[in-house]
Amino acid sequence: MSVPSSLSQSAINANSHGGPALSFPFPLHAAHNQLLNAKLQATAVVPKDLRSAMGEGSVPEPGPANAKWLKEGQNQLRRAATAHRDQNRNVTLTLAEEASQEAETAPLGPKGLMHLYSELELSAHNAANRGLHGSALIINTQGLGPDEGEEKAAGEVEEEDEDEEEEDEEEEDLSSPQGLPEPLENVEVPSGPQVLTDGPREHSKSASLLFGMRNSAASDEDSSWATLSQGSPSYGSPEDTDSFWNPNAFETDSDLPAGWMRVQDTSGTYYWHIPTGTTQWEPPGRASPSQGNSPQEESQLTWTGFAHQEGFEEGEFWKDEPSEEAPMELGLKDPEEGTLPFSAQSLSPEPVPQEEENLPQRNANPGIKCFAVRSLGWVEMTEEELAPGRSSVAVNNCIRQLSYHKNNLHDPMSGGWGEGKDLLLQLEDETLKLVEPQNQTLLHAQPIVSIRVWGVGRDSGRERDFAYVARDKLTQMLKCHVFRCEAPAKNIATSLHEICSKIMSERRNARCLVNGLSLDHSKLVDVPFQVEFPAPKNELVQKFQVYYLGNVPVAKPVGVDVINGALESVLSSSSREQWTPSHVSVAPATLTILHQQTEAVLGECRVRFLSFLAVGRDVHTFAFIMAAGPASFCCHMFWCEPNAASLSEAVQAACMLRYQKCLDARSQTSTSCLPAPPAESVARRVGWTVRRGVQSLWGSLKPKRLGSQTP
């Protein structure tokens, strides 16, 4: 609606509820520069208050609050007049605007300032009425007098000149900081009576701020507004009248899904999905267009990646984790909307009742898991793309490429099984199978252990895309096969994960079983329970062929006389035929006496309990004393051929080694409180006994050698 350039005196009197008539001491139609001339300003007398300046001396004094408000307005007018500025301008303009205003030296014509003085007149009347009655001003613009009609006609002529001024001022507003109010250019008054309420404002604002003042920072959306059109150079707010956008450029209809907006610009009307930034020509409720028909590319493709976990030996596994990009899916009722050119096609075969009848037959075997899928094709991959840290990005690129491809699904060059028709993906035992649902024809069988990588699409609208990478049997080429699933693809990934866990468990059990069967059964005969023991060390065992003379109890654990007495008693009481041919096995821990023919154990003695050993008076005799119990000792006697030197040395070495082990074990434990006997004493005692026996042996042999050498 056109704005009146001035208001009639009768309308002002009607609004002031019968108050006194207002008169102005200065001409309203005079030139602005004439009123603001430096000479006139020097000789002019500033009125004391706003009412005296407006010619209302008879009006009673207003209240304290109104007086303060009027005083602030008066100060602003005085500062504006002193600075030679437009009094209808807001005093809070930036320094850049002040500099641009001072640079304009050409005076404005009186015709260009008529509208500004009319606004000042309107502001003054409103301020006077507010101070008198303390109520809101009601302006009736219906009944205009002849004076108002003339001024209105003049104002309409002036609007053409003001349009050019508004364009210049808008360019200044673009360069000025946000948050500063724009200058008053137009006062818009409704056609009917309207109450202009005074909200909470600062008292320092002038009266011109009460009408039509626009804030350039009205909202966060306007302050950072950027046009979405490809060819639009405008950076202004959509509220600007000269902006590239019209007021109805953005529409959110109730028939659109949540998150969608209808946008209108010079390129036409298209639909914008706010969370993802995707745009399309067709409404989102209809069949989605291909990417080539979209006015602009997707602004962002979100990829959160797959969780790389330990898989089986021949491949990797990605576990589907909760996506952090969940807010990006807001507003998409159907994840397939606005994504694929074939999304409107049904993935279930027709008719539906027949499909439901076939489901029990498909899942008749509980060990088989079926999933309705559609092959999107395959993409060749390299070993470098499957490297750790790069495989997830490579597979996601394959999913994007095959999901957005522009070729027809029925194109045989797409490389998909079933020529783009519905298929059944079956997980049976350890095999992934692709079966035609109609005649149950097997199209492809892939061993699960040969799958290198599999994953689920994580982009917005890609929750039903499943892909796996395996090597082709014929070409030995790595191929990434992508499928569009009827249900969320994470169900397939979970099932594959369970199968892989089962395969790994079976392999571990089989490996343990093979390791157990590889053992020598002859060594496990005497073991009551098959338990894994540490592998024993192979100890050196020496065997000697002797005659076992038997064992007799003795009174003392040590002494050569004890051994000689036992040997003499046995030799005198028995003959050679009564002696038992035997084998003596000498080990570092045990001395074992076995029968030569029957291999029966005649005696087994622990080396740790051996107390004394010696060679008898006859070099063929050897004996040692063992502790059979507390204060109980036994002497074992042998007849050796050709002599007892080798057997005595072997038993002595076993005693030395065993005693050294006992010393090492006692030094590591602190529980024992008994002092360890010196090693020299034991070694000296055993060595002295053996040395004495050897000396006696050599002494018996020496006379024979000397006698043999004499002629």
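Glycine is no exception: its Cβ is also placed from the backbone N, Cα and C atoms.
Source: prediction; values computed, not measured.
For the residues SER375, SER611, the entry in Swiss-Prot flags phosphoserine at a single position: SER611. Of all the modified residues listed here (SER460, SER611), the one with the fewest other CB atoms within 10 A of its own CB is SER611. In the three-state DSSP scheme, SER460 (phosphoserine) falls into the coil class. DSSP states for the domain 'WW' (254-286), grouped as helix (H, G, I), strand (E, B) and coil, give 0 helix, 14 strand, 19 coil.
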